[in-house]
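Shown next, in structure tokens, is the structure this report addresses.
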Amino acid sequence: MRRSVLFLPGNNPNLLINGSVLGADGIIFDLEDAVSPDDKDAARILVSHALGALKFDKCEIIIRINALDTKYWEKDLEAVVPLGPDMILPAKVGCAEDIFTLTKKIEEVEAKAGITKIVKLLPLIETALGLENSFAIASANKRVSALLLGAEDLTADLRAPRTREGAEIAYARGRIVCAARAAGVDVFDTPFTDVNDMEGLRQDALLARSLGFTGKAVISPRHVDLVNEAFSPTDREITYAHRVFDAIASAKEQGKGAISLDGKMIDAPIVERARIILETARELGKGNDHE
């Protein structure tokens, strides 16, 4: 499942230790924005110890590394890749060439460490350049598993105010979802940054799901459950999905070519949406796939 990915500062040992029990589908250990330059080395050590000593069986482990235009990113990869995280989250990816550079370095570290696990990439799209190149980034290498929209830096780059309603990122949301789906990878929405506005978070998460996002990044453990709920199928959706497949089975038994449900024609896109809903419900233990 990839409904929620939770950012945790790489220099906070208490949060690192408790990360696996916070309920998120993915944990992002942050070596970039959450860590000051003076604390970079200590954060790498803490994250490395956490990866080596703790079990994170129930969630994906993602490491946010510093941008390629800094002096830190290579040391970040050298410290964490040998420990086999699920994904690397590179900051401020601007073009496909950035992915080529990252992949080459990761391959070097993997070969030197003798590890066989293939570490995936979750590029962070947070600049105007990165957004316009988002399809090229998503399709640059098979290691790219998903994209993540970073609205705070993006809106600064666009010289646009960041608002609760998010009208200023409407284009960016549509663009990155299209790019990710065209490339066949998942896509995460930007975090909702007001940790106390739970209703705003709920509305924002539901909007993101309606736009086609796989899940949403969160910056507070308080946001995890609500985002998980927003990106989980409702009982009503599950019931309707079952009815779609029941209608198909009934039509086949009766030899009918055209299939309708509640006065609406059942076509391939509706069937595919129903299949995805039931597959997700099964993963969540909320029902079985419809045979």
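Note that the numbers count up from 1, one per residue, in the order the chain is shown.
Glycine is treated like the rest: Cβ placed from N, Cα and C.
What you are looking at is a predicted structure, and each value in this text was computed from that prediction instead of being measured.
What TrEMBL says about this protein:
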{"type": "BINDING", "residues": "Arg64, Glu126", "note": "substrate binding site"}
{"type": "BINDING", "residues": "Glu126, Asp153", "note": "Mg(2+) binding site"}
{"type": "DOMAIN", "residues": "3-221", "note": "domain 'HpcH/HpaI aldolase/citrate lyase'"}
For Glu126 (substrate binding site), the number of other Cβ atoms found within 10 Å of its own Cβ: 25
Rounded distance in angstrom between the Cα atoms of Asp153 (Mg(2+) binding site) and Arg64 (substrate binding site): 15
DSSP-derived structure type at Asp153 (Mg(2+) binding site), helix or strand or else coil: helix
DSSP-derived class (H/G/I helix, E/B strand, else coil) of Glu126 (substrate binding site): coil
Binding-site residues (Arg64, Asp153), the one with most neighbouring Cβ atoms at 10 Å: Arg64
